[in-house]
Amino acid sequence: MTSPRLSVRDLQVTYTTKHDEVNAVDRVSFDVQNDEIFGIVGESGCGKSTLASTILRLLDDNGEITGGEIRYGDWDLAAMSEGELAKQIRGREISMVFQDPNTSLDPVYTIGRQLIETIRQHLDVSKQEARKRAIQSLADVGIPSPEDRLDDYPHQFSGGMRQRVVIAIALSCDPGLLIADEPTTGLDVSIQAQILDLLEDINANHDTSIILITHDLGVVAEVCDRVGVMYAGNLVEVSPVDVVYDDPKHPYTEDLLRSIPETHEMKSELTVIKGTPPDLREPPSGCRYHPRCTKVCSDACETGDIPQEYREDGSVVRCYLYDPAENPEYEGSAKVDEGQRDGQLESPERGDQL
Amino acid sequence: MEWYEYVLKRLLLFVPTLFGVSVFVFYLVHLVPGSPAVAMLGVRATEERVQEIERELGLHEPLPVQYVDWFSGVLVGNLGQSYSFNGPVAPILADRFFVSLELVLLTLLVSLSVSIPLGIVAALNKNSAVDYFSMGVGITGVSVPTFFSGVVFIAIFAVGLSWFPVSGYVAPTEDLVENLRHMVLPTLTMTLVAVAVAMRMMRSSMIETLGEEYIRFLKAKGLRSRSILFGHALKNSFIPVITVIGLQFGYMLSGAVVVEQIFAIPGLGRTVLQAVLQRDYPLVQGSVLLLALWFSAVNLGTDLIISYLDPRIMEEEA
Ligand SMILES: Nc1ncnc2c1ncn2[C@@H]1O[C@H](COP(=O)(O)OP(=O)(O)OP(=O)(O)O)[C@@H](O)[C@H]1O
Ligand SMILES: [Mg+2]
C-alpha cells in the first residue's frame with residue numbers, strides 16, 4: 001500500500017494573546033495522497049490559514065503546535081528544528097503560495113534574483129545552471145519570453161503574471177507538495193480561472209500534490225479531488241469532491257452548500273446558516289457546530305467531547321449522527337482505524353513517489 | 001526609464017532650482033532691515049557718509065539691477081567682496097565650508113555606525129532590554145539640548161580628564177591628529193542628536209519590513225534568517241531611512257552653528273551669524289546661497305540613491 005504524501009494527525013494549534021488562548025486548530029487529521037489536489041474549505045476565521053502555515057511551521061510568533069504530528073516522508077514536521085526545516089522542507093519538499101501576489105515578492109529585487117536564490121538555496125548548481133532552471137520555471141508557469149523577464153522587477157508584472165511568478169518560485173525546486181492559500185482571491189475573475197488551470201496543469205504534469213485552500217466551493221468543485229471541510233478549527237468532513245456536492249455527510253457541509261448560489265441547478269433557495277461561527281477563544285462544548293446545527297441527535301452533541309472520526313462511504317466525518325452509540329437510528333458505521341484511512345481505499349493510487 | 005536617464009533628468013531640473021534659490025536668497029537678504037553702511041560706520045555716522053558708502057557698494061541701484069550684478073558674478077565664481085572681512089567672499093566661504101563639512105561628515109559617520117546597527121538590533125529584539133536601552137539613548141539624545149551636552153562634554157573630557165582640547169580648530173592639512181583631536185567633542189555633541197533620529201527610524205522601518213508578506217514567503221522558500229535579513233530586509237528597510245539621513249545631513253551644515261560657537265570652530269554656521277550681525281550682504285548672500293545649494297544637492301543625492309535602490313521610484317516618475 002502506498003503511504004500518503006502528507007499525514008496530519010490530531011494536530012492542535014493554539015495562539016496565545018494577552019488575555020486569551022485561541023484554539024485555532026483542534027485535533028485535525030487528514031492525509032494528502034500522492035498527486036492529488038486536496039481542497040480545504042470553510043468560512044473566514046475557521047483556521048484554514050493557520051492549518052496551512054502550521055504545515056510549513058510558519059505560524060505567527062504567538063502561535064504554537066500544542067499536539068499532534070505532521071508526517072511528510074520520514075519526517076515529523078511538527079518536531080523538526082528550524083534549521084532542518086529550512087534545509088530539507090521549505091521550498092524544497094513543500095512550498096507555499098499566499099493569497100496576495102502583490103505582497104509576496106520583494107519589490108526591490110528582480111524576479112530572476114528571487115528565483116535563482118531559491119534554486120541555489122536547495123540545489124547544488126552553478127549560477128548559469130540556476131539561471132537556466134529559473135527560465136524553465138517561468139516557462140512552466142506560462143510566462144511569455146521568460147528569458148527577457150528574468151531581469152524585471154515585480155511591479156513590472158500584472159497581478160496574474162505576478163502570481164505565476166510566485167508559483168514559479170514555489171515550484172522551482174520540484175517540491176512534492178504545494179500549499180496554495182487562497183491563491184486567486186486577489187485576482188480578477190478571468191485571471192482566477194487561468195491560475196486554477198495552471199495549478200491543475202502542474203498537478204498533472206509534475207509529481208506535485210496540492211493543498212488548495214479556499215472559501216469558494218465552486219473552485220473546489222472545479223479542481224479538487226478531495227476536500228476537507230473546516231468549521232471553527234475542526235475538520236468536520238473529508239470527502240471525495242463529488243460526495244461533498246451530491247451527498248454531503250456533515251450537517252455543516254450540507255448547510256454550507258445550501259448557502260452558496262447554485263448556478264448549474266436553479267433548484268433550492270439560498271439559505272443562510274443561522275447564527276454566527278463561534279468565538280475560538282471559548283469554543284462550544286461537544287461538537288463545535290451544535291449551536292447552529294439542525295440535526296442535533298444526542299446529548300453528546302452539546303456536552304460530549306468533539307465527535308470521533310467515523311467512516312461513511314468514502315468519507316471521514318466527525319459527527320455523532322454516525323455513532324451508533326449516540327444515535328440509535330444509525331447503524332453500520334465504524335470508527336476510523338489508523339492505517340485504514342480515507343483516500344487510500346477510494347482514490348486511485350498513482351504511484352508511490354516517496 | 002534607465003537609471004542614468006533618471007539621473008540626467010534630475011540634474012537638468014536642478015538648473016532652474018539653482019536659479020530660483022538665488023533669487024529667493026537675494027531678496028530675502030535685502031529684506032533684512034538695516035543698512036550695511038550704518039553697520040560699518042556706526043549709528044552716529046552722517047547721512048552723507050552713509051550715502052557715499054552705499055553708492056560705493058552699489059546699494060543705491062534698484063534691487064533687480066543689484067541682483068543681475070551679483071548673479072552674473074556668481075555664475076563665474078565671483079561672490080563679491082565681504083565688507084567685514086575685507087576680501088572676496090568665495091575663498092572665505094570655501095574655507096569655512098570645508099571646516100563645517102568635516103564636522104558634519106564625521107558626525108554622520110559616527111552617528112550612522114551607531115544608529116543603524118542599534119536600530120536593527122532593537123528591531124530584532126523588540127521589547128527586550130536592548131530595545132529599551134536604545135530607546136532610552138534615543139530619548140535622551142533628542143531631549144538634551146546641544147549647548148548643554150556640549151558644555152558637559154567639555155567639563156568632563158576636556159577640563160576634567162584633559163583628553164581633548166577645550167575648543168579651537170586645527171586644519172587637517174596642518175596636523176591631522178590634532179585636527180581629529182579637536183573634532184572629537186564637537187562630533188560627539190552633534191552625534192548625540194543625530195543618533196536618536198536615525199536609530200528610531202531604522203528600528204521602526206525594520207520592524208515594518210519584517211512583518212511584510214514577502215518576508216514570510218522568503219521563509220517559506222527555505223531561506224535562512226541571515227539571508228533574509230541581509231539579503232532582503234536590510235535594503236528594504238534602509239530605503240525610508242535614507243530620506244531621514246539626507247534631511248539630517250542637509251540641516252546639519254547650518255545646524256552646526258551652536259556647536260561651532262561652543263567649540264569656537266570657524267565653520268559656516270558661525271560665519272553666517274557674524275555676517276548677518278554685520279549686515280555683510282555679499283557674505284550673507286554667499287553663505288545662504290551655499291547652504292541652500294548644499295541642501296538641494298543633498299536632497300538630489302538622496303533621491304538619486306533611493307531611485308537606485310528602489311526600482312519603483314523611476315516608474316512613478318516616468
Ligand atoms: N496571530 C494570531 N493571534 C491570535 N489569533 C489568531 C492569530 N492568527 C489567527 N488567529 C485567529 O485564529 C483563527 C483562525 O484564523 P485563520 O487566519 O487561520 O482563519 P482562515 O480560515 O484562514 O480565515 P480567512 O478565510 O479569513 O483567511 C481566527 O479566529 C483568527 O482570529
Ligand atoms: Mg486565511
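Glycine too: its Cβ is placed from the backbone N, Cα and C atoms.
Long-range contacts of the transmembrane segment (B:12-32) within its own chain (CB-CB distance under 8 A, at least 6 residues past either end) are made by residues 63, 66-67, 70-71, 74, 276, 279, 281, 284-285, 288-289, 292-293, 296-297, 300. Marked as transmembrane segment by TrEMBL: B:12-32 (among others).
What TrEMBL lists as domain 'ABC transmembrane type-1' is B:97-306.
The transmembrane segment annotation in TrEMBL covers B:103-124 (among others). Under 8 Å from some Cβ of the transmembrane segment (B:103-124) lie the Cβ atoms of residues 130-131, 134-135, 137, 183, 186-188, 190-191, 194-207, 210, 229, 234, 237-238, 241, 245, 248-249, 252-253, 256, 259-260, 265, 267, all in the same chain and six or more residues away from its ends.
Per TrEMBL, transmembrane segment is recorded for B:136-163 (among others). Within the chain carrying the transmembrane segment (B:136-163), a Cβ under 8 angstroms from the stretch's Cβ atoms is held by residues 118, 184-186, 188-190, 192-197, 199-200, 258-259, 262-263, all 6 or more beyond its ends.
Sequence annotations record features per position, and here TrEMBL assigns transmembrane segment to B:183-202 (among others).
What TrEMBL lists as transmembrane segment is B:238-263 (among others).
Residues or ranges marked as transmembrane segment by TrEMBL: B:283-306 (among others). Packing against the transmembrane segment (B:283-306) from elsewhere in the chain are residues 6-7, 10-11, 14, 17-18, 21-22, 24-26, 28-29, 32, 70, 74, 79-80, 82-85, 89-90, 92-93, 96-97, 239, 242-243, 245-247, 249-251, 253-254, 268, 271-272, 275-276, 313: each is 6 or more residues past its ends and has a CB under 8 Å from a CB in it.
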